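Taken from Swiss-Prot as is:
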type	residues	note
ACT_SITE	126	active site, proton acceptor
ACT_SITE	128	active site, nucleophile
BINDING	49, 50, 51, 52, 53, 70, 92, 93, 94, 114, 149, 154	GTP binding site
BINDING	54, 65, 67	Zn(2+) binding site
């Protein structure tokens, strides 16, 4: 899958001034972004996150998920460390796209959980693919990550690509009454490591 570097620029944020790197996946036409801070090509494990696009959570302040809070917390953590990388991947709705995510939300409004809704629409519970991360990390010279995630699939995906995950850093944030059952489903059916707070609240896979 050819993923090519396009351009880089400075991106000032409330947390730090990052370098924004743009990449194009020529096979899909998707445009991905990496935000980096500090020297990330020194061979030492880099604090990082793979963050899949979530328009509703990242930009529209939705409380149906924890995505926006995780994005902000990850950027804040990288800023505190003075060094890190965030890969912003254009995989809206766990890979099903924005309009299908809205369709899934409609089913959830009727009582389905996040996994059941995807499956009723004919999709897998999680359709994301992380293969594009390898050429992006290689371009940046990153060989080892301290990965901010609760998702064991991300750890496995990177490990399978021979990217060392030196440490998994939990990212527990953004919990609220509107997403409690959603998080319980992610813990119970998708294996997300959310501690004891949501374990046992949703049916197991």
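Start at 1 and count along the chain as shown; that gives each residue its number.
Every residue, even glycine, has its Cβ placed from backbone N, Cα and C.
Because the structure is a prediction, the values reported are computed rather than measured.
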Which residues, same chain and not among 54, 65, 67, have a CB within 8 angstroms of the centroid of the CB atoms at the recorded Zn(2+) site?
56, 57, 58, 62, 64, 66, 68, 70
Quick check for the class: what is the C-alpha distance, in angstrom and rounded, between residue 53 (GTP binding site) and residue 67 (Zn(2+) binding site)?
9
For residue 67 (Zn(2+) binding site), which of the listed binding-site residues (49, 51, 92) have their CA atom within 10 A of its CA?
51
Of 49, 92, 94, which binding-site residues are close to the residue listed as 'active site, nucleophile', meaning a Cα within 10 Å of its Cα?
92, 94
Residue among recorded positions 49, 51, 94, 128 with least C-beta crowding, 10 angstrom cut-off:
128
Tell me the coarse DSSP state (helix, strand, coil) of residue 51 (GTP binding site).
strand
Return the count of C-beta atoms lying within 10 angstroms of the C-beta of residue 54 (Zn(2+) binding site), excluding that atom itself.
23
Write down the Cα-Cα distance for residue 94 (GTP binding site) and residue 65 (Zn(2+) binding site), rounded and given in Å.
12
Does DSSP give residue 149 (GTP binding site) helix, strand or coil?
coil
Local backbone state of residue 126 (active site, proton acceptor), from DSSP in three classes:
coil
Any idea what the Cα distance is from residue 49 (GTP binding site) over to the residue listed as 'active site, proton acceptor', rounded to a whole Å?
18
Provide, as an integer number of angstrom, the distance between the C-alpha atoms of residue 51 (GTP binding site) and the residue listed as 'active site, proton acceptor'.
14
Across all the protein chains here, work out how many other Cβ atoms are within 10 Å of the Cβ of residue 126 (active site, proton acceptor).
19
